[in-house]
Amino acid sequence: MAKEIKTIGVLTSGGDAPGMNAAVRAIVRTGITKGYRMMGIQRGYNGLINGECYEMNVRSVSEIIHRGGTILYTARCLEFKTQAGQSKALARCKELGIDALVVIGGDGSFMGARALANQGIPCIGIPGTIDNDIACSEYTIGYDTAMNTAVEAIDKLRDTTQSHDRCSVVEVMGHHAGYIALNVGIATGALAVLLPERPFDFERDILARMRQTQVTGKKHFIIIVSEGVISAQELANQIQATTGVDSRATVLGHIQRGGSPTVRDRVNASLMGYHAIDLLDKGIYNRVVAMSGDKIVDYDVNVALSMHKTIDMDMLEVANSISI
Ligand SMILES: Nc1ncnc2c1ncn2[C@@H]1O[C@H](COP(=O)(O)OP(=O)(O)OP(=O)(O)O)[C@@H](O)[C@H]1O
Ligand SMILES: O=P(O)(O)OC[C@H]1O[C@](O)(CO)[C@@H](O)[C@@H]1O
Ligand SMILES: [Mg+2]
């Protein structure tokens, strides 16, 4: 028997991602349309523990579909990882009358949602992270915008790199996942793409590829490195010391997390937000919303958290074959 839900809370958690606002908008408006009271919880699980929340109406989410960041703010909450923190959050849900929760965030945030679900609060997770590292979903909200932001920046770097016959080593985000690096590497025509999924070999991945292109007259080089493989500055120093090519390092950093979401992020966030409320409305609880092909699907939270995702190494082969 489905539990009766009157009030649904929504929060954003972990790193922010462009499109989170579009998801919040869809969740709040779908919820209100279906007759629920909607509560916005600020600063992720911190806000849940502290009771930082407010009732939202259809106008609370006006003028946000095009805005990056999250109007609900976000946080990483260490206390919530503890049993004591989770008990406080549960007590707060009871006090505020929050019967169910929609959590927009990454895998860590879904572990938090599962902890609450195990204590009787129906939860739905929506993948919101630029890293695209949610195993059950082919796509995460913010991923497309982040890649476009990185491409725009690297196109600019290309101009100056070419003008000076230099090598640019560019570090992109990814948090142990090379999805941003691989796609951005192909989209910018980078000579080399270094992924966390593949052990790095300086001679094979950099030097041999530089020599091969130098023979055909190439004098400037773009190298994309996913965060954590090697520091961009260290790699640029090594390249300059070994090849004599003047090299510079650029860390794109948190620029990749901001900005107005792309069409793809806005549309997927809207579809996922609607789907999350639709599940709760049908009495289907403790699911993670995901994308499979161009369809919105959902998985049991335990299944979702036990899944693994692998990067398409054929794409690296394509990148390496074309950038010569
Ligand atoms: N094992 C866990 N149990 C309970 N709560 C957790 C757990 N792991 C993470 N959380 C909660 O979720 C929050 C966000 O997790 P985390 O920092 O891993 O980010 P994320 O949701 O994976 O997003 P991203 O990696 O994109 O920044 C944590 O600060 C914590 O409050
Ligand atoms: O600086 P912060 O907020 O801890 O986030 C850094 C991490 O967040 C991510 O951007 C994901 O949001 C990762 O790629 C990165 O490692
Ligand atoms: Mg994560």
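Keep in mind that glycine also has a Cβ here, set from the backbone N, Cα and C atoms.
What TrEMBL says about a protein is an automatic prediction, not a curated fact.
The ADP site in TrEMBL is built from ARG25, ALA26, ILE27, VAL28, ARG29, LYS218, LYS219, HIS220 plus one of ARG76, ARG158, ARG257, ARG264, namely ARG158.
TrEMBL lists ARG76, CYS77, GLY106, ASP107, GLY108, SER109 as binding ATP, and of GLY15, GLY19, GLY31, GLY174 the one it places in that same site is GLY15. ARG248 (substrate binding site) and GLY15 (ATP binding site) are 28 Å apart (CA-CA, integer value). Of the listed binding-site residues LYS218, HIS220, ARG248, the Cβ environment within 10 Å is emptiest of other Cβ atoms at LYS218. Cβ neighbour count for CYS77 (ATP binding site) (all protein chains, 10 Å cutoff from its Cβ): 23. Counting in whole angstrom, GLY106 (ATP binding site) lies 6 from THR129 (substrate binding site) by their C-alpha atoms.
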